[in-house]
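TrEMBL has this to say about the protein:
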BINDING   139, 162, 164, 166, 253, 255  Mn(2+) binding site
């Protein structure tokens, strides 16, 4: 019996070969390589146009830990993903080379040291794997991702799906944590203040100053309650109008979903989006110039029947499908 896994091989528009998913008609899904959606490892294909990379880090959390196991949970749930995206009419793994980069091995002891390692690792991964979807990890990982992209594109627009604004200040003396990545990125000039947006915000805050400081950083907010009044298409129109042709980083905290759809996360908030609403909005932003993305705060220990990991895997799949159109 051969130990070599059979991959689906095709060609891109120029005739260059593409190694796609493992052929799941010949290999049971639970017996694949353990990569995202059964994709080849970057080390097996050399380079890629798009990649998935894990950052198993959660030392920046302020409440329940466990997101360091998010990349493994998301990859496991992604075994069910098939190659054709019906809604976007896209073969994301057949239009160009997509690969699983693996995980960045960053220290859990010292957030600043970990962020430095993320910056080094993401820069190297971007050179070989092009556009990246990051599997977190806690939301701290968004800061080095944005900084890496800003070095190439200049100030970045952020489309941020979350229950929380994540522009808070220092916490117990720590300037870098999962509630502050966008504040730090803004203060250091990496964000475009005319093109940043939160979607799905809800729950209690420390005071009205949280929102006023957030607005001063340039963020426009769509609260979760607006989904009942404005509706999905109205919200999508706001997003497209504000972001336009700017380079956009899409950051998805899984707690943007209601806990009924994503119990496996560290800081759940009731009153959130359904998974169907989130996927609809992600498909709707296909016209944007998306240069990078993350899906963060998946903590499998609090999950039930892998529903959170499954939702996160499909978030990553939709983003990869946009790049494969």
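The backbone N, Cα and C atoms fix where each Cβ goes, and this holds for glycine too.
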Packing count at residue 255 (Mn(2+) binding site) (other Cβ atoms within 10 Å of its Cβ): 29
Other same-chain residues whose Cβ falls within 8 Å of the Cβ centroid of 139, 162, 164, 166, 253, 255, the recorded Mn(2+) site, in sequence order: 160, 163, 165, 178, 179, 256, 267, 296, 297
Under 8 Å by Cβ from residue 166 (Mn(2+) binding site), counting only residues of that chain that are 6 or more apart: 139, 142, 160, 178, 179, 180, 181, 182, 183, 253
Coarse DSSP state, helix versus strand versus coil, of residue 253 (Mn(2+) binding site): strand
Helix, strand or coil at residue 166 (Mn(2+) binding site) [DSSP, three-state]: coil
Residue, out of the binding-site residues 162, 253, whose Cβ gathers the largest set of other Cβ atoms within 10 Å: 253
Which of 139, 164, all binding-site residues, has a Cβ with the fewest other Cβ atoms inside 10 Å: 164
